[in-house]
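Peer 1: Relevant sequence annotations retrieved from Swiss-Prot are reproduced here:
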type	residues	note
REPEAT	22-61	repeat 'WD 1'
REPEAT	66-105	repeat 'WD 2'
REPEAT	112-150	repeat 'WD 3'
REPEAT	153-192	repeat 'WD 4'
REPEAT	197-236	repeat 'WD 5'
REPEAT	240-279	repeat 'WD 6'
ZN_FING	281-352	zinc finger
BINDING	287, 290, 322, 325	Zn(2+) 1 binding site
BINDING	314, 317, 344, 347	Zn(2+) 2 binding site
REPEAT	364-403	repeat 'WD 7'
MOD_RES	408	phosphoserine
């Protein structure tokens, strides 16, 4: 069922502790059980499984429950030991797990959506279960009565969700690349604002209520940090992945962001440094360096008897430039560009060698990652994906210490 991996610890990379196999289809969610050597998984194979580590070091299923429909999302509340499972048919089901994690009792079904559930969050304080789905809506339901309290529709599939417990604000990412901030009330809601910055569908969100920062990952392979608390519209772009960003986790104590992408890439971003906002791209009818016309500028092409050029943009200054004036490439990590991007010649000359020092570390998960979650207190991470494999990682060599105690393993 599960193999215990004895990797030689290396100070610079995540250590693979265990690999769990046995699912018959893609694993859509995997969550570590706090203070236990256990993992809860939900899969397209219609099963919910609770895996506990045995004396042999291997993980074996102590609970194996088959659902009526493929499982598409999951939330777990440890203090009350409640599991909420979203399904492909739109229903959300609630279960209660026994104290020894050997038995799971069905509580109720919530008719939350008309189509696949994409994300679930449970608020114990409000007694709400909030969910998003491919029926283009966010719904919130009362866990006491099981009744629908409200729903709000979007123009495209709602793909991910975060919720601020104190203010009852929900953040919903969708397939159009937009993030909507909603204030949820008992039977209604109001749209506060929409955030636009990604060029692809939003795949994941992470909300840090302490610094009031929202992080989003998308199919444009990028992460954006939205400084909600600063109230100045400040955003930071982070580009280092080569595939769709699928999962995020912000470590507030160490100011590090962990992100995972579909190709198995694991990135750890240092957010405890002074970063710069990437500039808005400027528009011009001619190169802002050599003044040669771009190909749609027919009048200047005719007047100067020159061929029109393609428009490009310098990632550092945002100016519209031709290919000749932006022939060089450079990384610029302080602006979030961890790999080489197009810069104009004058910006290239202004970038010093120390400016190219990476502000992130990149690692290989060696499987397709569709979902990741962390037990931040223990520095553990679990990843899962379409290869049906669940991997448990020790992230303390990468993030520096055991986050709860400040104890360094080295």
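Just so it is clear, glycine is given a Cβ too, placed from its N, Cα and C backbone atoms.
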Peer 1: Same chain, not part of 287, 290, 322, 325: whose C-beta falls within 8 angstroms of the C-beta centre of the Zn(2+) 1 site? Give them in sequence order.
Peer 2: 286, 288, 289, 291, 292, 309, 321, 323, 324, 326
Peer 1: When DSSP states are grouped into helix, strand and coil, how many residues of the repeat 'WD 7' (364-403) land in each?
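Peer 2: The breakdown for the repeat 'WD 7' (364-403) reads 4 helix, 16 strand, 20 coil.
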Peer 1: Quick one: pull the CA-CA distance for residue 290 (Zn(2+) 1 binding site) versus residue 344 (Zn(2+) 2 binding site), whole Å only.
Peer 2: 11
Peer 1: Just to verify a number: CA distance, residue 322 (Zn(2+) 1 binding site) to residue 314 (Zn(2+) 2 binding site), in angstrom, no decimals.
Peer 2: 10
Peer 1: Measuring Cα to Cα, how many angstrom lie between residue 344 (Zn(2+) 2 binding site) and residue 287 (Zn(2+) 1 binding site)?
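Peer 2: About 11 Å separates the two Cα atoms.
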Peer 1: Between the Cα atoms of residue 287 (Zn(2+) 1 binding site) and residue 347 (Zn(2+) 2 binding site), what distance do you get, rounded to the nearest Å?
Peer 2: 15
Peer 1: Among the binding-site residues 314, 325, 344, whose Cβ has the fewest other Cβ atoms within 10 Å?
Peer 2: 325
